[in-house]
Amino acid sequence: MDFVELEAIEGLRWSWNAWPTTKNQVSSLAIPLSIMCTPLMQSTELPILTYDPLICALCAAVLNPYARVDYQSRIWVCPFCYNRNPFPISYSGIGETNLPAELFPTYNTVEYKIDKVDSKFRSNLHLGYGWSNGLSSSNVSLSSMMSVGTPRSIGGAGGEVRGFVGPVPVFVFVVDACMVEEELRAVKNELLLVVEQLPENALVGLITFDAMVRVYDLGFSDCSRVVVFHGGREVSSEQAQQFLGIDSTKRQQQQLGKTPVIQKLGFLLPVSECEFNITTAIEEICSLAVVMPGHRPQRCTGAAISVALGLLEGYSVNTGSRIMIFTSGPATLGPGIVVDSDLSNAIRTHGDLINGHAPYYAKSCSFYNQLSKRLSDASVVLDLFACSLDQVGAAELKGPVQSSGGFMMLGELFESDQFRKCLRQIFIHDEEGNLKMYFDATIEVVTTKEIKICGALGPCVSLRKKNSVVSDRETGEGGTYKWKLGTLTNRTCIAFFFELCDEQRAEPGSAFLVQFITRYRHGSMGVRKRVTTAARRWVENKSPEITAGFDQETAASVMARLAIYRAERCFARDVIRWLDDDLICFASKFGDYIQEDPSSFRMSSNFSLYPQFMYYLRRSQFIDVFNCTPDETAFFRLMLNREGVVGSLIMIQPTLFQYSFDGPPVPVLLDVRSIFADVILLFDSYFHVVIHYGSKIAQWKKLGYHKDPNHENLRKLLEAPEIDAQQVMVERVPAPKLIKCDQHSSQARFLLAKLNPSVTQNSTFIDGSEIILTDDLSLQDFIDHLQALAVKG
């Protein structure tokens, strides 16, 4: 089966779909044993089961189609640890012709709705509805069974939410009051639209900051009431709660099960209770900052985030919260400072970071890393929306945004469509009217005894939970079999890494299993658990199944994540050397050649694209940070670290389509020789979409030929790439920047910088093609060098 088809079923892409049986054989593969997992990948055939999963008493694996079942004894044998587990009474009707959905051979992924309901309802759920087709239980609606009329408070010491049972989503908007008036107006307009779309029971809070941090009391109606914090000081969680009047003692008593004493505070309130007040407060936000000539505004971003987090910690809302930052410049005051306010001091560059000339960087990163731990413990997500022509400090903020799974957008203007689309996309609703966002997730991995878990790379945090299948060798977030995610989407992808156990040796030809258990809070705020169980086969070292099972696209995506993980800890040249050494080992093992004869080198189709991917990865903005700011690099790496295989490949090796009068658009090589005067190119690098008009096309366009009915073909040719570009941009968040440029224009650099420089100023033969002025190796030169080194053995 095709790897993409398998991913649609499992939500998994494996670098190797058949594994050798020993550690030495694995190390010779050059590419680590890894799985790119998209836990909540959309599927039209996903069964939703409205009962709790059955869990193995020994290894905590969930019942799945690979379990052996004894129908007479009502026992199931766990395929991971071979423990015998009894079926509960609710499975009394189980049989070969009456299977629950989780045992259907075609359902290796199922999702459980595990909302807690009364026991009488749960017994009806199990016993009153049979498994006539293995899915009839999914027709039971939990929402119809739940009592929702009983008043109940939520949020610990915080405000009450009447008429709703259970947790609610929480949003704290933190707005930079140093923006210019037009930008601030654009942000306020979008926030007003967001508030209109929120569920009535959602809790909301509002904070603004400049040199001070202002927390709005949305429950005070007589006038605008705020609590003000000095932006130059680091405020602990306890201090923030004390100044806000949140009694942590009462909150702790409630957590211990004692009778809570409800404090009526207005810093977080349901939309239904404060819609008028928060709307008025947002409309009244204005810039109070006085900026001295030759100075930047006094902006205390770090203090504002810290106060917002302290507020959420004080209310004990740990079931799904978001702090959403809207800023237009760098922090110049207090914790998390990026640069001081004097404009004579330039903001840090990559050169400054390398040479140690960024005085605030290390301390600010340390401050935000401490916030990351607090965010994870409180299940709070940090989102950053930054629009500025200069840097805003995204490099320092990358840690907490990435670890919490938050959203980052870097743009130029809040008035742009890019910002509006990004913010609105976060707050879209599903078919049932719930917010299409998921909170407070964990991912647990269960493996057979021969496999050890090394770690994960992606928007997750290790929970440091160890068992016998956790390896001592850590990769990324390691030392655990369970990870925490503040939030995730249907596209969130995490790379998991594995190795083989020293003590256990598998039998070639036998199967092994890996199970991913993702527990998360749905947009309806009910708890769900999605379970995916996948099987692959052990093979001998030289088995043709290894070659057939190699997924070069997944391998490139995995190596890209490993490369940026290394790049954040060592110099770029060391990362490139590591990539090159690994590629040479790979080519030497899997190439067909005669020793010391480079011209004889060949690779099978399953491996042939991988060296090309590595060539473009070496040249990418993820490794080569020349002409990028630290903020841009942080954004690029954050996006790569959460994108799936297809999106990652576009980032590594962009796509290029050619439009001409000769026929429909066709994909062409990412090469300077693909540029012609009479064609249009559509270039997609994930972050930029470029429509490049050849010189003749551009000239005809300037002369207005496309407006002439006699040149209808030209009009259609000009429209086609624009329609396709819009389709690409609609499906992608954050929206890429659209650039339209003519051949030889300055904007054409966005295309030329990514093309293979097969024709340069040093080329001996030039056939009229575009020339790229560069000293970089071309792809062909790179492959020639690789072959020469690989055949040396």
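Numbers here mean position along the shown chain, with the first residue as 1.
Backbone N, Cα and C atoms are what each Cβ position is placed from, and that goes for glycine too.
In TrEMBL, annotation is done automatically, which means it is predicted and not curated.
The domain 'Zinc finger Sec23/Sec24-type' annotation in TrEMBL covers 53-91. Sequence annotations record features per position, and here TrEMBL assigns domain 'Sec23/Sec24 trunk' to 168-425. As annotated by TrEMBL, domain 'Sec23/Sec24 beta-sandwich' applies to 439-539. What TrEMBL records for 551-648 is domain 'Sec23/Sec24 helical'. What TrEMBL lists as domain 'Gelsolin-like' is 665-751.
Same-chain residues lying 6 or more positions outside the domain 'Zinc finger Sec23/Sec24-type' (53-91) and placing a CB less than 8 Å from one of its CB atoms are 100, 102-108, 112, 114, 123, 126-127, 444, 446-449, 511, 513, 515, 517, 529, 531, 533, 535.
With Cβ pairs under 8 Å as the measure, the domain 'Sec23/Sec24 helical' (551-648) is packed most heavily against 168-425, out of 168-425, 439-539, 665-751. Taking H, G and I as helix, E and B as strand and the rest as coil, DSSP gives the domain 'Sec23/Sec24 helical' (551-648) the counts 60 helix, 9 strand, 29 coil. The average pLDDT computed over the domain 'Zinc finger Sec23/Sec24-type' (53-91) stands at 95.
The DSSP breakdown of the domain 'Gelsolin-like' (665-751) into helical (H, G, I), extended (E, B) and coil residues amounts to 42 helix, 21 strand, 24 coil. Mapped onto DSSP classes, the domain 'Zinc finger Sec23/Sec24-type' (53-91) shows 3 helix, 11 strand, 25 coil. Secondary structure of the domain 'Sec23/Sec24 beta-sandwich' (439-539) per DSSP (helix as H, G, I; strand as E, B; remaining residues coil): 0 helix, 63 strand, 38 coil.
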